[in-house]
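Per TrEMBL, the features are as follows:
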BINDING   169-176, 194-198, 216-219, 283-286, 312-314  GTP binding site
BINDING   Ser176, Thr196  Mg(2+) binding site
DOMAIN    4-162  domain 'Obg'
DOMAIN    163-331  domain 'OBG-type G'
Amino acid sequence: MTEGNFVDYVKIHVASGKGGSGSSHLHREKYIAKGGPDGGDGGRGGHVIVKGNKNLWTLYHLKFKRHIRAEHGGNGSKQRSSGAEGSDEYIEVPLGTVIRDTETQKVIHEITEDGKEYLVAEGGMGGRGNWHFKSSTNQTPRYSQPGIDGTEVDITLELKVLADVGLVGFPNAGKSTLLSVITAAKPKIADYEFTTLKPNLGIVEYRDFKTFVVADIPGIIEGAAEGRGIGHRFLRHIERNSTLLFLIPADAPNISEQYEILLDELRRYNPEMLDKDRLIAISKSDMLDAELKLEMKHELDKNLGAPYLFISSVAQQGLTELKDRLWEMLNKEPS
Ligand SMILES: Nc1nc2c(ncn2[C@@H]2O[C@H](COP(=O)(O)OP(=O)(O)OP(=O)(O)O)[C@@H](O)[C@H]2O)c(=O)[nH]1
Ligand SMILES: [Mg+2]
């Protein structure tokens, strides 16, 4: 995955298929003077259906789709044969995708389960063929129904549940570097602030084919909740993650204080952010020698009000333990 893979918002014009027309055919056979009506029904137009797929993590596959049209139904024909149904179009989306009417911005539906389908545009009904209209007073109706038009609607798809673990940290804390070493993602990394401008997702492949998703978002700074920096715009991406991983670099002047500032920004953005499970990773700890690390431990045990561990993405230290801890947190029984 590369920078900007994280498409979480798409607008699509969808149109279901028109129903096929009923047929007005009159049955003809050589020696039968007046055959009866035998025109078949038109087929239903195709639906457009949004469907949950737990293997999708972004809306990236829909990025360049502007229009989705389902097929029209086929027309009815003689011998009461019905027209073919127009085939349905499926729009597969990750779980946690909200469907809005683009015009009114009203939420139409939210996809939360794998395989669950939601009909966004129903295909038009096919018209009925003339044989339905035969009566005692009209034995040979030449009338049949036209198919009903399909419907068209502009929808906006927005992904809310983006990942299991959201990374929280000041700019330059090493968030993208961590993502690049625990997942196959290749985010941009650099020695300056606000390297990451768009969120990135990576999938951690954990023991025995278990996976979880980590979201790397732009750094948060003090005042983010009031709109300083750019990180606040992305806080909504981690709003529904169950677990937050705070990254604070080992060379930060005061780790406990930095943690409090980050917490405070989250609280001001949305107090519910503090209901999530939290783990603190002291990043870049390759810069600490044994003595300094011990000293730091004493200090953190006393002042830091959350579980923590030391990691180094560069020296590949503490990463297995980090994954173990995150996995445990993600899979613990809800209390
Ligand atoms: N020594 C050391 N340096 C690291 C480590 N991890 C990251 N860095 C360096 O820290 C700098 C910032 O890393 P990034 O991963 O871009 O940081 P970020 O938190 O994503 O930064 P923003 O995207 O700007 O918010 C880079 O120069 C990295 O090489 C580490 O484990 N040890
Ligand atoms: Mg970054």
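Placed from the backbone N, Cα and C atoms, the Cβ positions cover glycine too.
Shown on the structure are the features that TrEMBL records.
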residue	record	contacts (Cβ under 8 Å, 6+ apart)
Gly169	GTP binding site	Lys175, Gly219, Ile220, Phe246, Leu247, Ile248, Leu262, Ser283
Asn172	GTP binding site	Asp191, Tyr192, Glu193, Thr195, Gly219, Pro249
Ser176	Mg(2+) binding site	Pro187, Lys188, Ile189, Thr195, Thr196, Asn200, Asp216
Lys284	GTP binding site	Gly174, Pro249, Ala250, Asp251, Ser312, Ser313, Val314
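A strand conformation is recorded for Ser312 (GTP binding site) in the three-state DSSP classification. The least crowded of the binding-site residues Thr195, Thr196, Ser312, judged by other CB atoms within 10 A of its own CB, is Thr195. Among the binding-site residues Asn172, Ser176, Lys198, residues whose Cβ is positioned under 6 Å from ligand 1 are identified as Asn172, Ser176. Taking a Cβ cut-off of under 6 Å from any atom of ligand 2, the binding-site residues Gly169, Lys175, Ser176, Thr195, Thr196 reduce to Lys175, Ser176, Thr195, Thr196. Scoring each of the binding-site residues (Lys175, Lys198) by how many neighbouring Cβ atoms lie within 10 Å, the top position goes to Lys175. Mean predicted confidence for the domain 'OBG-type G' (163-331): the pLDDT average there is 85.
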